[in-house]
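Structure first, then comments.
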Amino acid sequence: MAGGQRTKGLSKSCILLIVLAGMERFAFKGVASNLVTYLTDVVKMSNSSAAKAVNSWCGFTSMLPLLVAPLADSYWDRYSTILNSSFLYAAGLVALTSSTALAWAWSSSTNKTMSSSFLFLSLYLVSVGQGAYNPSLQAFGADQLDDDEELPCSKNENKSHKKSTFFQWWYFGVCSGSLLGVTVMSYIQDTFGWVLGFAIPMTAMVTSVAFFFCGRRMFIYKQNDAICNNPFESIVQAFKAAKSKFMRCEVKLSNYKADKVELELQEKPLCREEFDSIKDLEANPRNGVHMFDNVKVVLRLLPIWTMLLMFAVIFQQPATFFTKQGMTMKRNIGSFKIPPATLQSAIALSIILLMPLYDKILIPITQLITRDEKGISVMKRMGIGMFLSIIAMIIAAIVETMRLEISRNMGKLESQLETVPLSIFWLLPQYVLLGISDIFTVVGMQEFFYSEVPVRMRTMGFALYTSVFGVGSYLSALSISLVEIFTSSKGGHGWFSDNMNEACLDKFYWLLALLSTLSFLFYMILCKCYISRAELENENCK
């Protein structure tokens, strides 16, 4: 490609992959956003059991890329990984639609149990497909940018801007798909039934597979051609590289006293070239040296990764307790009844509407104030989003306290479906704030984990980003279980109850806000101590 011709905008291949990412999110959110309602109304699970099931499934789905990413980076090419995993993804959605049709047709309890088992097998097949699909698709999209990663000593502001633009438009596409999945599919599932409600996401995913296959000629392929067929070869290469580096250290130390200047000259070329004895080894991302280096990279990112987990826990609430909370509130507009899961669209809608304002207004203002070309650093961007998520949980706790107070003033409500005369739109502020926090934290996380890993680990970088939400989902399920254990008494329901008007969700929201505040404080401390990969490499080049 000519260096000066494609300096502005994104390529057609990038745009196609962004569209495919949006279609995938439409399919996934079309299933996940209202799944808790399906589990409680059709499968007849309790509120807490359904919430834990959804959290566990989402956690497994988001954690799986951590296992797949090293294979995708080292042993598989990204195109084949995306294509094969998309077939698994589509097969899982076909099985899910089939299980829903069987549950509708069967009436006996035995058959319903079989249908429920088939339902969860289908959901976890979707997880397996998505575990390889999502990080590989985003890494493949980043591969479509003009050039490979520049040398540590060099600085390419145009590439840096294009990278930021890619991630923002990628998230814009993802949120657009999520918005359609939440609004359209929630309405169809509540109005026309679950079979059609799951069949449409299945069709969308099958269509995206066809689009991806048809667009294969326009893609840029940057994966290494050599595949390591012998798994023990990496171990042998690790010993060879370690021996070579040890010999280099001995040579340098022996020459140190004789000529210190010569030692410095030997260090300089590390920015651009390596000694022939290890160049061939380090050119291959499947050798043992990179195994050790990859572990070091992950361990360096682990403290920041850990502090982001509470943000991910809060991220799970809209699809579980927020939705069940909305089912007890006044949600009629004339004769139209708003599906509670539809309010999740406020998150995606706020992102879609406010993302351009972030680029056109906030960034220029911060550039003037900070005199930094990026305006806000990635670390600060993530921190702002974490702070806004805490405010969202505080507002959620206050609104839930209002809802419970009104229900108590009405007297004892026997039916769990009894509507409290409080408009569902009181929940909008917490949804909108979570959407704004996503603009800062989620986009910042994508860029952070992408930038802080070397080129050979880009799929792993995206897997680290998704794993935050995976572990956060499990932590959310664990927190529900622990709260049930410590707050439930004999004959009591604790903080959670199938009757939402007898539950104490406000206390649970306050607990999440407190834990998130502690996590945010530790995050700020870590930010002061953290040295970015670019800063480390620039120091090595001096």
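Cβ atoms are placed via backbone N, Cα and C, with glycine included.
Predicted automatically and left uncurated, TrEMBL annotations should be read as such.
What TrEMBL records for 1-25 is signal peptide. The transmembrane segment annotation in TrEMBL covers 53-75, 87-107, 169-188, 194-214, 301-321, 341-363, 384-404, 424-450, 462-488, 508-526.
Outside the transmembrane segment (87-107) by six or more residues, the chain places 24, 27, 31, 42-43, 114-116, 118-119, 121-130, 132-133, 193-195, 198-199, 201-202, 205-206, 209 with a CB less than 8 A from a CB of the stretch. Remote same-chain residues near the transmembrane segment (462-488) are listed as 48, 51-52, 55-66, 68-69, 134-135, 138-139, 298, 301, 305, 308-313, 315-317, 320, 445-446, 448-450, 453, 494-496, 504, 508, 511-512 (criterion: CB distance under 8 Å, separation of at least six residues from the stretch ends). Panel annotation: around the transmembrane segment (508-526), residues 303-304, 307-311, 313-314, 317, 321, 382-383, 386-387, 389-390, 393-394, 396-397, 400, 479, 483, 495-496 of the same chain, lying at least six beyond its termini, place a Cβ under 8 Å from a Cβ of the stretch. Long-range contacts of the transmembrane segment (424-450) within its own chain (CB-CB distance under 8 A, at least 6 residues past either end) are made by residues 138, 142, 163-164, 167-168, 170-171, 175, 301, 304, 308, 311, 314-315, 318, 322, 325-326, 329-331, 338, 340, 343-344, 346-351, 354-355, 358, 378-379, 381-382, 384-389, 391-393, 395-396, 399, 402-403, 458, 461-462, 464-465, 468.
Comparison of 194-214, 341-363, 384-404 by number of C-beta pairs under 8 angstroms to the transmembrane segment (169-188) places 341-363 first. If one looks beyond the transmembrane segment (194-214) by at least 6 residues along the same chain, the residues whose Cβ comes under 8 Å of a Cβ in the stretch are 16, 19-20, 23-24, 26-28, 30-31, 34, 38, 42, 82-83, 86-87, 89-90, 93-94, 96-97, 100-101, 104, 181, 184-185, 188.
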